[in-house]
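Asker: This is the structure I want to talk about, given as structure tokens.
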Amino acid sequence: MGDAGSERSKAPSLPPRCPCGFWGSSKTMNLCSKCFADFQKKQPDDDSTPSTSNSQSDLFSEETTSDNNNTSVTTPTLSPSQQSLPTELNVTSPSEEECGPCTDTAHVSLITPTKRSCGADSQSESEASPVKRPRLVENPERPEESGRSKQKSRRRCFQCQTKLELVQQELGSCRCGYVFCMLHRLPEQHDCTFDHMGRGREEAIMKMVKLDRKVGRSCQRIGEGCS
């Protein structure tokens, strides 16, 4: 009687639940019938996928090993050329550094005499210019003066030998030293040898107003001079 009471007092054990929410059984790996059927269908696919993944991993490993081998083979061929480049640069760099100041000094030595020669030429031109100007003015006058004879009488025109009155003698006298009539008194009419334009420039320069150096530099208030 006691055993029967104890069995009755025990609660019946509940079956396990499937992840989907239904009741499962120990025979079906604690899954319901539907989930167990789906699980069985997926088993062959799961078995095939690891095999393919393993094959892909094997191929990838083979490719990586081949790449590593290629790099290991090519690296020693490149290393000598890479090492030779810095040596060539190191060899050429001092030559350029040494030639730099040499070229600078050469340029300086070539430029300095040209500057001196230009200065000497400018000085020689400046010294010769004032000497040449009067020569150019005097040279055309000398042959004409030597070719022209002196005027014997100032009462007659040197060009046409017409008689002149006293007023005509004063009006017809030219700066070249000859006397002409009213028809030949202008410089263009008797081929005058005197440089009237140069003379006019000199007179204009002499008549120019020379400004004092103090103008515009000293300031003075209005009324200071008167006080």
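Every residue, even glycine, has its Cβ placed from backbone N, Cα and C.
The zinc finger annotation in Swiss-Prot covers 12-44, 151-200 and rests on sequence analysis. The Zn(2+) 1 binding site feature in Swiss-Prot is assigned to Cys18, Cys20, Cys32, Cys35. According to Swiss-Prot, the feature region 'Disordered' maps to 41-151. The annotation compositional bias 'Low complexity' is assigned in Swiss-Prot to 49-59, 66-77. Taken from Swiss-Prot, the feature compositional bias 'Polar residues' covers 78-94, 111-127. What Swiss-Prot lists as compositional bias 'Basic and acidic residues' is 135-148. Summarising the annotation, Swiss-Prot assigns Zn(2+) 2 binding site to Cys157, Cys160, Cys181, His184. The Zn(2+) 3 binding site annotation in Swiss-Prot covers Cys174, Cys176, His190, Cys192, and the record cites sequence analysis as its basis.
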Asker: To the nearest whole angstrom, state the Cα distance for the pair Cys160 (Zn(2+) 2 binding site) and His190 (Zn(2+) 3 binding site).
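Answerer: Cys160 (Zn(2+) 2 binding site) and His190 (Zn(2+) 3 binding site) have their Cα atoms 10 Å apart.
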Asker: Between the Cα atoms of Cys157 (Zn(2+) 2 binding site) and Cys20 (Zn(2+) 1 binding site), what distance do you get, rounded to the nearest Å?
Answerer: 150
Asker: Could you tally the C-beta atoms, other than its own, that fall within 10 angstroms of the C-beta of Cys157 (Zn(2+) 2 binding site)?
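Answerer: Counting Cβ neighbours of Cys157 (Zn(2+) 2 binding site) within 10 Å gives 23.
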Asker: Can you name every residue in this chain, apart from Cys174, Cys176, His190, Cys192, with its Cβ inside 8 Å of the center of the Cβ atoms of the recorded Zn(2+) 3 site?
Answerer: Arg175, Gly177, Tyr178, Phe180, Pro187, Asp191, Thr193, Phe194
Asker: Per DSSP, what is the residue count of the zinc finger (12-44) in each of helix, strand and coil?
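Answerer: For the zinc finger (12-44), the helix, strand and coil counts are 12 helix, 4 strand, 17 coil.
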Asker: Considering only the binding-site residues Cys18, Cys20, Cys35, Cys192, which residue has the minimal Cα-Cα separation from Cys181 (Zn(2+) 2 binding site)?
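Answerer: Nearest candidate: Cys192.
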Asker: Taking the center of the Cβ atoms of Cys157, Cys160, Cys181, His184 at the recorded Zn(2+) 2 site, which other residues in this chain have a Cβ no more than 8 Å from that point?
Answerer: Phe158, Gln159, Gln161, Thr162, Gly172, Phe180, Met182, Leu183, Arg185, His190
Asker: Taking DSSP states H, G and I as helix and E and B as strand, how many residues of the zinc finger (151-200) are helix, strand and coil?
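Answerer: Split into helix, strand and coil, the zinc finger (151-200) gives 12 helix, 4 strand, 34 coil.
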Asker: Look at the binding-site residues Cys20, Cys32, Cys174, Cys181 and tell me which residue has the greatest number of other C-beta atoms within 10 angstroms of its C-beta.
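Answerer: Result for the most crowded candidate: Cys181.
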Asker: Rank aside, I only need the closest one: which of the binding-site residues Cys18, Cys20, Cys32, His184 has its C-alpha nearest to that of Cys176 (Zn(2+) 3 binding site)?
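Answerer: When the Cα distances are compared, His184 comes out closest.
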